[in-house]
Amino acid sequence: MAKITKVQVGEALVGDGNEVAHIDLIIGPRGSPAETAFCNGLVNNKHGFTSLLAVIAPNLPCKPNTLMFNKVTINDARQAVQMFGPAQHGVAMAVQDAVAEGIIPADEADDLYVLVGVFIHWEAADDAKIQKYNYEATKLSIQRAVNGEPKASVVTEQRKSATHPFAANA
């Protein structure tokens with residue numbers, strides 16, 4: 001029986017400084033809204049917002065098929081290279097490691113679609129941190145999505161004690 005039978009959502013914030021990674025993630029099976037979003041996202045680029053396949057290396061896309069999209073406008077070539085280089089590699093490796101480790105069942109990988117929203121700060125400079133943090137945040141997002149975490153009861157319980165690092169009163 002399939003483990004991932006519906007669209008699931010994951011989120012994670014990892015790292016610090018301008019290289020912080022904040023991932024918003026959707027995973028779902030063939031025939032689901034995740035597949036539709038994947039196809040639409042791949043062909044509907046807008047100025048400053050570009051979607052791209054997550055590839056481990058050129059000619060080696062990760063499986064499940066994974067589409068990355070930027071969450072803030074890409075303003076210059078440096079920021080584009082960070083998205084198409086360290087962030088892309090980190091995301092792709094996280095997806096493939098999730099398959100290798102059984103988080104995503106290998107027998108389902110060819111029939112799933114993953115969409116990953118990536119944040120690249122306009123002043124990010126350390127490519128190694130960008131790659132590392134995006135890897136960690138993507139993998140954590142996948143784990144949370146596949147496991148249906150956090151549960152509504154946990155969010156409700158922690159809603160007043162949790163702190164948001166960018167909130168007005170942080």
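We count from 1, first residue shown onward.
Cβ from N, Cα, C; glycine included.
Under DSSP, His22 (active site, proton donor) is assigned to a strand (E or B) in the three-state scheme. Taken from Swiss-Prot, the feature active site, proton donor covers His22.
Taken from Swiss-Prot, the feature substrate binding site applies to Asp24, Leu53, Lys71, Thr73, Gln88. Secondary structure from DSSP puts Lys71 (substrate binding site) in coil.
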| task | Among all chains shown, work out which of the binding-site residues Thr73, Gln88 has the most CB atoms within 10 A of its CB. | result | Gln88
| task | Please work out the number of neighbouring Cβ atoms within 10 Å of the Cβ of Asp24 (substrate binding site), leaving out its own Cβ. | result | 17
| CA-CA, which of the binding-site residues Leu53, Lys71, Gln88 lies nearest His22 (active site, proton donor)? | Lys71
| task | Please state how far apart, in Å and to a whole number, the two most distant Cα atoms are among Asp24, Leu53, Lys71, Thr73, Gln88, the recorded substrate-binding residues. | result | 18
